[in-house]
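> Reproduced below are the annotations present in TrEMBL:
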BINDING   38  pyridoxal 5'-phosphate binding site
BINDING   60, 61, 68, 276  substrate binding site
BINDING   234, 361, 426  tRNA binding site
MOD_RES   247  N6-(pyridoxal phosphate)lysine
COMPBIAS  425-434  compositional bias 'Basic and acidic residues'
REGION    425-449  region 'Disordered'
(Lines of atoms letter the chains of each structure in order from A and count residues from 1; the text may use other names and numbers.)
(Lines give C-alpha, C1' and ligand atoms only; values in the text may rest on other atoms or scores of the structure.)
Protein backbone atom coordinates (compact mmCIF):
# COMPACT_ATOMS: atom_id res chain seq x y z
CA UNK A 1 0.00 0.00 0.00
CA UNK A 2 3.04 2.28 0.15
CA UNK A 3 2.31 3.29 3.74
CA UNK A 4 4.34 3.00 6.90
CA UNK A 5 3.30 -0.18 8.79
CA UNK A 6 1.49 0.43 12.05
CA UNK A 7 3.77 -1.93 13.98
CA UNK A 8 7.49 -1.90 13.30
CA UNK A 9 9.21 -4.84 11.60
CA UNK A 10 12.03 -6.77 13.27
CA UNK A 11 15.56 -6.42 11.86
CA UNK A 12 15.68 -9.80 10.13
CA UNK A 13 12.45 -9.02 8.23
CA UNK A 14 13.81 -5.64 7.12
CA UNK A 15 17.09 -7.23 5.98
CA UNK A 16 15.22 -9.94 4.05
CA UNK A 17 13.13 -7.22 2.37
CA UNK A 18 16.24 -5.20 1.41
CA UNK A 19 18.00 -8.29 0.03
CA UNK A 20 14.92 -9.01 -2.10
CA UNK A 21 15.07 -5.46 -3.50
CA UNK A 22 18.83 -5.76 -4.12
CA UNK A 23 18.57 -8.93 -6.24
CA UNK A 24 16.32 -6.94 -8.62
CA UNK A 25 19.31 -4.71 -9.54
CA UNK A 26 21.36 -5.82 -12.57
CA UNK A 27 24.71 -5.65 -10.75
CA UNK A 28 23.49 -8.51 -8.53
CA UNK A 29 22.24 -10.75 -11.39
CA UNK A 30 24.08 -14.07 -11.73
CA UNK A 31 25.91 -14.01 -15.07
CA UNK A 32 25.51 -10.24 -15.51
CA UNK A 33 27.84 -8.77 -18.14
CA UNK A 34 28.39 -5.02 -17.74
CA UNK A 35 30.20 -3.00 -20.40
CA UNK A 36 29.18 0.55 -19.42
CA UNK A 37 30.77 3.15 -17.17
CA UNK A 38 28.22 2.74 -14.37
CA UNK A 39 27.68 -0.93 -13.65
CA UNK A 40 27.33 -0.99 -9.86
CA UNK A 41 30.78 -2.51 -9.32
CA UNK A 42 32.07 -2.23 -5.77
CA UNK A 43 35.67 -3.08 -4.81
CA UNK A 44 35.07 -3.49 -1.07
CA UNK A 45 32.81 -6.16 0.37
CA UNK A 46 32.38 -4.03 3.49
CA UNK A 47 31.03 -1.13 1.38
CA UNK A 48 28.73 -3.50 -0.54
CA UNK A 49 27.31 -4.94 2.71
CA UNK A 50 26.89 -1.46 4.23
CA UNK A 51 24.60 -0.55 1.33
CA UNK A 52 22.87 -3.95 1.17
CA UNK A 53 24.30 -4.24 -2.38
CA UNK A 54 21.93 -1.46 -3.52
CA UNK A 55 24.70 0.28 -5.46
CA UNK A 56 23.01 2.02 -8.41
CA UNK A 57 21.62 4.98 -6.45
CA UNK A 58 18.29 6.53 -7.36
CA UNK A 59 16.84 8.31 -10.39
CA UNK A 60 18.27 8.87 -13.86
CA UNK A 61 20.46 11.68 -15.18
CA UNK A 62 17.43 13.84 -15.98
CA UNK A 63 15.14 13.16 -13.01
CA UNK A 64 15.89 12.04 -9.46
CA UNK A 65 12.45 10.39 -9.22
CA UNK A 66 12.65 8.47 -12.53
CA UNK A 67 12.84 4.67 -12.67
CA UNK A 68 16.22 3.21 -13.68
CA UNK A 69 15.62 0.05 -15.82
CA UNK A 70 18.78 -1.78 -14.73
CA UNK A 71 18.12 -0.94 -11.07
CA UNK A 72 14.54 -2.05 -10.50
CA UNK A 73 15.17 -2.77 -6.81
CA UNK A 74 16.78 0.61 -6.09
CA UNK A 75 14.01 2.36 -8.04
CA UNK A 76 11.37 0.51 -6.02
CA UNK A 77 13.19 1.44 -2.82
CA UNK A 78 13.05 5.10 -3.90
CA UNK A 79 9.33 5.01 -4.73
CA UNK A 80 8.47 3.18 -1.50
CA UNK A 81 10.55 5.55 0.64
CA UNK A 82 8.85 8.63 -0.82
CA UNK A 83 5.45 7.02 -0.30
CA UNK A 84 6.17 6.00 3.32
CA UNK A 85 7.59 9.45 4.12
CA UNK A 86 4.48 11.11 2.63
CA UNK A 87 2.36 8.92 4.93
CA UNK A 88 4.38 10.07 7.97
CA UNK A 89 4.11 13.77 7.01
CA UNK A 90 0.32 13.35 6.89
CA UNK A 91 0.37 11.53 10.22
CA UNK A 92 2.46 14.37 11.73
CA UNK A 93 -0.20 16.96 10.85
CA UNK A 94 0.00 18.13 7.22
CA UNK A 95 -2.94 16.06 6.01
CA UNK A 96 -3.43 17.70 2.59
CA UNK A 97 0.18 17.30 1.37
CA UNK A 98 0.07 15.68 -2.09
CA UNK A 99 3.66 14.87 -2.97
CA UNK A 100 7.17 14.66 -1.55
CA UNK A 101 10.55 13.16 -2.30
CA UNK A 102 13.72 12.41 -0.36
CA UNK A 103 16.68 14.33 -1.71
CA UNK A 104 20.28 13.34 -0.81
CA UNK A 105 21.26 16.83 0.35
CA UNK A 106 20.78 18.52 3.72
CA UNK A 107 18.18 21.26 4.25
CA UNK A 108 20.21 24.24 2.96
CA UNK A 109 21.01 22.77 -0.44
CA UNK A 110 17.45 21.41 -0.74
CA UNK A 111 16.14 24.96 -0.26
CA UNK A 112 18.56 26.11 -2.97
CA UNK A 113 17.06 23.49 -5.31
CA UNK A 114 13.58 24.93 -4.66
CA UNK A 115 14.77 28.48 -5.42
CA UNK A 116 16.49 27.38 -8.65
CA UNK A 117 13.27 25.70 -9.79
CA UNK A 118 11.33 28.92 -9.18
CA UNK A 119 13.88 30.89 -11.25
CA UNK A 120 12.40 29.44 -14.46
CA UNK A 121 8.88 30.47 -13.43
CA UNK A 122 9.89 34.02 -12.44
CA UNK A 123 12.70 35.15 -14.75
CA UNK A 124 12.50 38.81 -13.66
CA UNK A 125 12.84 38.02 -9.95
CA UNK A 126 16.04 38.85 -8.08
CA UNK A 127 14.95 39.17 -4.43
CA UNK A 128 13.85 36.73 -1.72
CA UNK A 129 11.89 38.13 1.23
CA UNK A 130 13.32 36.52 4.37
CA UNK A 131 12.13 37.16 7.95
CA UNK A 132 15.44 37.07 9.82
CA UNK A 133 16.63 33.88 11.50
CA UNK A 134 20.27 33.68 12.53
CA UNK A 135 21.22 30.37 10.97
CA UNK A 136 23.83 30.40 8.24
CA UNK A 137 22.71 27.57 5.95
CA UNK A 138 19.22 28.93 5.22
CA UNK A 139 20.74 32.35 4.48
CA UNK A 140 23.45 30.87 2.24
CA UNK A 141 20.85 28.77 0.40
CA UNK A 142 19.51 31.99 -1.15
CA UNK A 143 22.96 33.39 -1.99
CA UNK A 144 24.04 30.07 -3.57
CA UNK A 145 20.95 30.13 -5.79
CA UNK A 146 22.00 33.59 -7.02
CA UNK A 147 19.35 35.72 -5.30
CA UNK A 148 19.51 38.74 -3.04
CA UNK A 149 18.02 38.16 0.42
CA UNK A 150 15.86 41.00 1.71
CA UNK A 151 16.15 40.69 5.48
CA UNK A 152 13.02 41.55 7.44
CA UNK A 153 13.86 42.25 11.07
CA UNK A 154 11.66 40.59 13.69
CA UNK A 155 9.51 42.51 16.18
CA UNK A 156 9.81 42.01 19.93
CA UNK A 157 6.52 41.04 21.61
CA UNK A 158 7.19 40.39 25.29
CA UNK A 159 10.19 38.06 25.21
CA UNK A 160 9.33 36.65 21.78
CA UNK A 161 10.73 37.68 18.40
CA UNK A 162 7.90 37.46 15.86
CA UNK A 163 7.36 38.10 12.14
CA UNK A 164 6.89 41.74 11.14
CA UNK A 165 3.98 41.18 8.74
CA UNK A 166 3.58 44.89 7.96
CA UNK A 167 7.26 45.18 7.02
CA UNK A 168 6.97 42.15 4.71
CA UNK A 169 4.00 43.64 2.85
CA UNK A 170 5.61 47.09 2.68
CA UNK A 171 8.76 45.58 1.16
CA UNK A 172 6.73 43.66 -1.45
CA UNK A 173 5.01 46.92 -2.46
CA UNK A 174 8.33 48.78 -2.57
CA UNK A 175 10.17 46.21 -4.69
CA UNK A 176 7.23 45.09 -6.82
CA UNK A 177 5.84 41.56 -6.78
CA UNK A 178 7.44 40.59 -10.13
CA UNK A 179 10.94 41.23 -8.81
CA UNK A 180 10.42 38.89 -5.83
CA UNK A 181 11.19 35.20 -6.31
CA UNK A 182 9.42 34.10 -3.13
CA UNK A 183 8.91 34.58 0.57
CA UNK A 184 11.23 32.27 2.52
CA UNK A 185 9.76 31.63 5.98
CA UNK A 186 10.77 29.44 8.93
CA UNK A 187 8.92 27.22 11.41
CA UNK A 188 11.45 25.47 13.68
CA UNK A 189 13.89 27.89 15.30
CA UNK A 190 15.82 28.73 18.47
CA UNK A 191 13.95 30.66 21.17
CA UNK A 192 13.31 33.53 21.76
CA UNK A 193 12.53 33.59 18.03
CA UNK A 194 9.31 31.72 17.39
CA UNK A 195 7.87 30.19 14.19
CA UNK A 196 6.89 32.73 11.55
CA UNK A 197 3.27 33.83 11.22
CA UNK A 198 2.73 31.33 8.41
CA UNK A 199 -0.98 31.93 7.92
CA UNK A 200 -0.57 35.69 7.47
CA UNK A 201 2.46 35.21 5.18
CA UNK A 202 0.57 32.61 3.12
CA UNK A 203 -2.33 35.04 2.65
CA UNK A 204 0.05 37.82 1.54
CA UNK A 205 1.72 35.42 -0.94
CA UNK A 206 -1.67 34.42 -2.36
CA UNK A 207 -2.80 38.07 -2.65
CA UNK A 208 0.36 39.19 -4.48
CA UNK A 209 0.82 35.92 -6.43
CA UNK A 210 4.27 35.31 -4.92
CA UNK A 211 5.59 31.77 -4.22
CA UNK A 212 6.15 30.74 -0.60
CA UNK A 213 8.90 28.31 0.50
CA UNK A 214 8.97 27.17 4.13
CA UNK A 215 12.13 26.07 5.96
CA UNK A 216 10.66 23.38 8.26
CA UNK A 217 14.11 22.02 9.22
CA UNK A 218 13.16 20.14 12.41
CA UNK A 219 9.43 20.87 12.38
CA UNK A 220 8.04 17.41 11.52
CA UNK A 221 8.50 16.42 15.18
CA UNK A 222 6.30 19.35 16.30
CA UNK A 223 2.52 19.17 15.87
CA UNK A 224 2.43 22.98 16.21
CA UNK A 225 4.87 23.55 13.31
CA UNK A 226 3.00 21.06 11.13
CA UNK A 227 -0.33 22.67 12.02
CA UNK A 228 1.04 26.07 10.92
CA UNK A 229 1.97 24.60 7.51
CA UNK A 230 -1.42 22.94 7.16
CA UNK A 231 -3.24 26.16 8.04
CA UNK A 232 -1.02 28.28 5.81
CA UNK A 233 -1.83 26.04 2.83
CA UNK A 234 -5.54 26.13 3.71
CA UNK A 235 -5.93 29.91 3.92
CA UNK A 236 -3.21 31.06 1.50
CA UNK A 237 -0.21 29.86 -0.46
CA UNK A 238 2.64 27.49 0.42
CA UNK A 239 4.49 26.05 -2.58
CA UNK A 240 6.97 23.76 -0.82
CA UNK A 241 8.23 22.97 2.67
CA UNK A 242 11.63 21.42 3.36
CA UNK A 243 12.63 19.29 6.36
CA UNK A 244 15.79 17.50 7.46
CA UNK A 245 15.96 13.71 7.72
CA UNK A 246 18.50 13.58 10.54
CA UNK A 247 16.70 16.07 12.82
CA UNK A 248 13.25 14.50 12.43
CA UNK A 249 13.97 10.79 11.93
CA UNK A 250 17.24 10.20 13.80
CA UNK A 251 19.32 9.06 10.81
CA UNK A 252 22.81 10.25 9.70
CA UNK A 253 23.13 13.75 8.24
CA UNK A 254 22.83 14.03 4.47
CA UNK A 255 19.19 13.99 3.43
CA UNK A 256 16.05 16.12 3.39
CA UNK A 257 12.42 15.89 2.29
CA UNK A 258 10.93 18.40 -0.13
CA UNK A 259 7.13 18.32 0.12
CA UNK A 260 4.21 20.38 -1.15
CA UNK A 261 0.56 20.68 -2.07
CA UNK A 262 0.92 20.92 -5.87
CA UNK A 263 2.08 17.58 -7.23
CA UNK A 264 3.38 18.99 -10.53
CA UNK A 265 5.55 21.65 -8.81
CA UNK A 266 7.21 19.05 -6.55
CA UNK A 267 7.88 16.94 -9.67
CA UNK A 268 9.47 20.00 -11.29
CA UNK A 269 11.84 20.34 -8.33
CA UNK A 270 12.82 16.67 -8.56
CA UNK A 271 13.55 17.10 -12.29
CA UNK A 272 15.76 20.12 -11.55
CA UNK A 273 18.21 17.87 -9.61
CA UNK A 274 21.11 17.19 -12.03
CA UNK A 275 22.13 13.57 -12.44
CA UNK A 276 21.49 10.47 -10.36
CA UNK A 277 21.72 10.51 -6.59
CA UNK A 278 22.87 8.48 -3.60
CA UNK A 279 20.29 6.05 -2.23
CA UNK A 280 21.82 6.19 1.28
CA UNK A 281 19.45 8.79 2.80
CA UNK A 282 16.41 6.97 1.34
CA UNK A 283 17.70 3.64 2.61
CA UNK A 284 18.36 5.03 6.10
CA UNK A 285 14.94 6.60 6.52
CA UNK A 286 13.09 3.59 5.07
CA UNK A 287 14.88 1.19 7.46
CA UNK A 288 14.14 3.54 10.37
CA UNK A 289 10.43 3.94 9.60
CA UNK A 290 9.94 0.23 8.93
CA UNK A 291 11.54 -0.58 12.29
CA UNK A 292 9.50 2.05 14.17
CA UNK A 293 6.15 1.73 12.41
CA UNK A 294 3.59 4.51 12.82
CA UNK A 295 2.99 3.48 16.45
CA UNK A 296 6.72 3.78 17.26
CA UNK A 297 7.04 7.18 15.58
CA UNK A 298 3.91 8.48 17.34
CA UNK A 299 5.39 7.32 20.65
CA UNK A 300 8.60 9.26 19.96
CA UNK A 301 6.55 12.40 19.18
CA UNK A 302 4.59 11.95 22.42
CA UNK A 303 7.75 11.47 24.49
CA UNK A 304 9.35 14.56 22.93
CA UNK A 305 6.35 16.68 23.88
CA UNK A 306 6.38 15.34 27.45
CA UNK A 307 10.12 16.04 27.75
CA UNK A 308 9.55 19.60 26.50
CA UNK A 309 7.14 20.21 29.41
CA UNK A 310 9.57 18.61 31.86
CA UNK A 311 12.58 20.57 30.56
CA UNK A 312 10.55 23.78 30.67
CA UNK A 313 9.42 23.35 34.30
CA UNK A 314 12.85 22.20 35.57
CA UNK A 315 14.78 24.90 33.69
CA UNK A 316 12.42 27.51 35.16
CA UNK A 317 13.20 26.27 38.70
CA UNK A 318 16.93 26.38 37.98
CA UNK A 319 16.68 29.87 36.49
CA UNK A 320 14.78 31.14 39.54
CA UNK A 321 17.41 29.69 41.89
CA UNK A 322 20.11 31.70 40.09
CA UNK A 323 18.06 34.91 40.00
CA UNK A 324 17.51 34.47 36.26
CA UNK A 325 14.32 33.66 34.39
CA UNK A 326 13.03 31.30 31.75
CA UNK A 327 12.06 33.59 28.87
CA UNK A 328 8.34 33.48 28.06
CA UNK A 329 8.16 32.03 24.52
CA UNK A 330 4.85 30.09 24.36
CA UNK A 331 4.82 30.06 20.54
CA UNK A 332 8.06 28.03 20.33
CA UNK A 333 7.25 24.31 20.78
CA UNK A 334 10.80 22.89 20.71
CA UNK A 335 13.36 25.42 21.99
CA UNK A 336 13.62 27.27 25.34
CA UNK A 337 15.77 30.19 26.46
CA UNK A 338 16.99 31.20 29.92
CA UNK A 339 18.31 34.70 30.62
CA UNK A 340 21.96 35.24 31.64
CA UNK A 341 21.63 38.84 32.81
CA UNK A 342 23.71 38.45 35.97
CA UNK A 343 26.68 36.95 34.12
CA UNK A 344 26.40 39.54 31.35
CA UNK A 345 26.31 42.48 33.76
CA UNK A 346 29.22 41.31 35.90
CA UNK A 347 31.65 40.23 33.22
CA UNK A 348 31.60 40.65 29.42
CA UNK A 349 33.30 37.32 28.69
CA UNK A 350 31.49 35.27 31.35
CA UNK A 351 28.63 34.44 28.99
CA UNK A 352 30.84 32.89 26.31
CA UNK A 353 32.92 31.17 29.01
CA UNK A 354 29.76 29.45 30.24
CA UNK A 355 29.30 27.95 26.77
CA UNK A 356 32.87 26.62 26.85
CA UNK A 357 32.37 25.19 30.33
CA UNK A 358 29.26 23.31 29.24
CA UNK A 359 30.94 21.95 26.12
CA UNK A 360 33.98 20.66 28.04
CA UNK A 361 31.54 18.93 30.41
CA UNK A 362 30.02 17.05 27.44
CA UNK A 363 26.83 19.12 27.23
CA UNK A 364 26.14 19.35 23.49
CA UNK A 365 23.44 21.37 21.75
CA UNK A 366 23.07 24.08 24.40
CA UNK A 367 23.74 27.47 22.79
CA UNK A 368 24.99 30.42 24.82
CA UNK A 369 24.12 33.69 23.09
CA UNK A 370 25.97 36.87 24.16
CA UNK A 371 24.68 40.33 23.33
CA UNK A 372 26.09 42.39 20.48
CA UNK A 373 27.91 39.69 18.50
CA UNK A 374 28.61 40.78 14.93
CA UNK A 375 28.90 38.24 12.12
CA UNK A 376 29.44 38.69 8.40
CA UNK A 377 27.93 36.03 6.13
CA UNK A 378 28.55 36.36 2.37
CA UNK A 379 29.22 40.11 2.73
CA UNK A 380 26.03 40.68 4.77
CA UNK A 381 26.70 41.91 8.30
CA UNK A 382 24.36 40.85 11.10
CA UNK A 383 24.39 42.72 14.38
CA UNK A 384 23.46 40.65 17.44
CA UNK A 385 24.08 37.48 15.45
CA UNK A 386 22.58 34.27 16.88
CA UNK A 387 19.92 36.25 18.76
CA UNK A 388 17.81 36.93 15.59
CA UNK A 389 17.71 40.66 16.42
CA UNK A 390 20.04 43.66 16.34
CA UNK A 391 19.75 44.28 20.07
CA UNK A 392 17.96 41.63 22.10
CA UNK A 393 17.49 42.85 25.71
CA UNK A 394 19.61 40.15 27.38
CA UNK A 395 22.16 37.39 26.89
CA UNK A 396 20.66 33.92 27.18
CA UNK A 397 21.15 30.17 26.97
CA UNK A 398 19.20 27.86 24.64
CA UNK A 399 18.13 24.27 25.26
CA UNK A 400 15.82 22.20 23.09
CA UNK A 401 13.61 19.17 23.51
CA UNK A 402 14.11 17.35 20.22
CA UNK A 403 12.95 13.91 19.14
CA UNK A 404 14.76 11.09 20.95
CA UNK A 405 15.61 13.14 24.06
CA UNK A 406 15.39 11.20 27.35
CA UNK A 407 14.69 12.26 30.93
CA UNK A 408 18.27 11.34 31.78
CA UNK A 409 19.55 13.86 29.20
CA UNK A 410 17.49 16.63 30.83
CA UNK A 411 18.52 15.71 34.39
CA UNK A 412 22.25 15.51 33.61
CA UNK A 413 22.10 18.77 31.63
CA UNK A 414 20.41 20.63 34.49
CA UNK A 415 22.86 19.26 37.05
CA UNK A 416 25.89 20.31 34.98
CA UNK A 417 24.37 23.70 34.11
CA UNK A 418 23.74 24.38 37.81
CA UNK A 419 27.40 23.65 38.63
CA UNK A 420 28.66 25.80 35.76
CA UNK A 421 26.43 28.73 36.72
CA UNK A 422 27.67 28.57 40.32
CA UNK A 423 31.29 28.48 39.16
CA UNK A 424 30.70 31.31 36.66
CA UNK A 425 28.95 33.40 39.30
CA UNK A 426 31.89 33.07 41.69
CA UNK A 427 34.38 33.97 38.98
CA UNK A 428 32.31 36.99 37.91
CA UNK A 429 32.05 38.31 41.48
CA UNK A 430 35.76 37.73 42.04
CA UNK A 431 36.67 39.64 38.87
CA UNK A 432 34.18 42.40 39.66
CA UNK A 433 35.78 42.78 43.11
CA UNK A 434 39.27 43.02 41.58
CA UNK A 435 38.04 45.66 39.12
CA UNK A 436 36.43 47.69 41.91
CA UNK A 437 39.66 47.59 43.99
CA UNK A 438 41.78 48.62 40.99
CA UNK A 439 39.30 51.40 40.14
CA UNK A 440 39.40 52.75 43.71
CA UNK A 441 43.24 52.61 43.65
CA UNK A 442 43.22 54.55 40.41
CA UNK A 443 40.91 57.13 41.99
CA UNK A 444 43.27 57.50 44.97
CA UNK A 445 46.24 57.97 42.65
CA UNK A 446 44.39 60.69 40.78
CA UNK A 447 43.58 62.50 44.02
CA UNK A 448 47.24 62.30 45.09
CA UNK A 449 48.36 63.63 41.71
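Glycine residues also receive a Cβ, built from the backbone N, Cα and C atoms like all the rest.
Annotations in TrEMBL come from automatic prediction, not curation.
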> Beyond 60, 61, 68, 276, what residues of that chain have CB atoms within 8 A of the centre of the substrate site's CB atoms?
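Going along the sequence, the neighbours come out as 57, 58, 59, 62, 63, 66, 275.
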> Using a 10 angstroms cut-off on Cβ to Cβ distances, just flag whichever of 38, 60, 361, 426 is the loneliest among these binding-site residues.
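Sparsest of the binding-site residues 38, 60, 361, 426 by Cβ contacts within 10 Å: 426.
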> For residue 234 (tRNA binding site), list the number of other Cβ atoms lying within 10 Å of its Cβ atom.
13
> How far apart, in angstrom, are the most distant Cα atoms among the substrate-binding residues 60, 61, 68, 276?
10
> Going by Cα-Cα distance, which of the recorded positions (234, 247, 361, 426) sits nearest to residue 68 (substrate binding site)?
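Among 234, 247, 361, 426, 247.
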> Rank aside, I only need the closest one: which of the recorded positions 38, 60, 61, 247, 276 has its C-alpha nearest to that of residue 234 (tRNA binding site)?
247
> Which of 61, 68 has the fewest nearby Cβ atoms, counting only those within 10 Å, among these binding-site residues?
61
> Under 8 Å between C-beta atoms and at least six apart in sequence, can you list the same-chain neighbours of residue 276 (substrate binding site), or say none if there are none?
56, 57, 58, 59, 60, 61, 64, 68
> Can you check which residues sit near residue 247 (N6-(pyridoxal phosphate)lysine), meaning Cβ under 8 Å from its Cβ, same chain, 6 or more apart in sequence, and list them in order?
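Residues satisfying the criterion: 188, 217, 218, 221, 402, 403.
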> What is the biggest Cα to Cα gap, in Å, among 234, 361, 426, the residues listed as binding tRNA?
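With 234, 361, 426 as the binding residues for tRNA, the largest Cα distance is 54 Å.
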> Cα distance, residue 38 (pyridoxal 5'-phosphate binding site) to residue 426 (tRNA binding site), nearest Å?
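Spelling it out, the Cα of residue 426 (tRNA binding site) and the Cα of residue 38 (pyridoxal 5'-phosphate binding site) are 64 Å apart.
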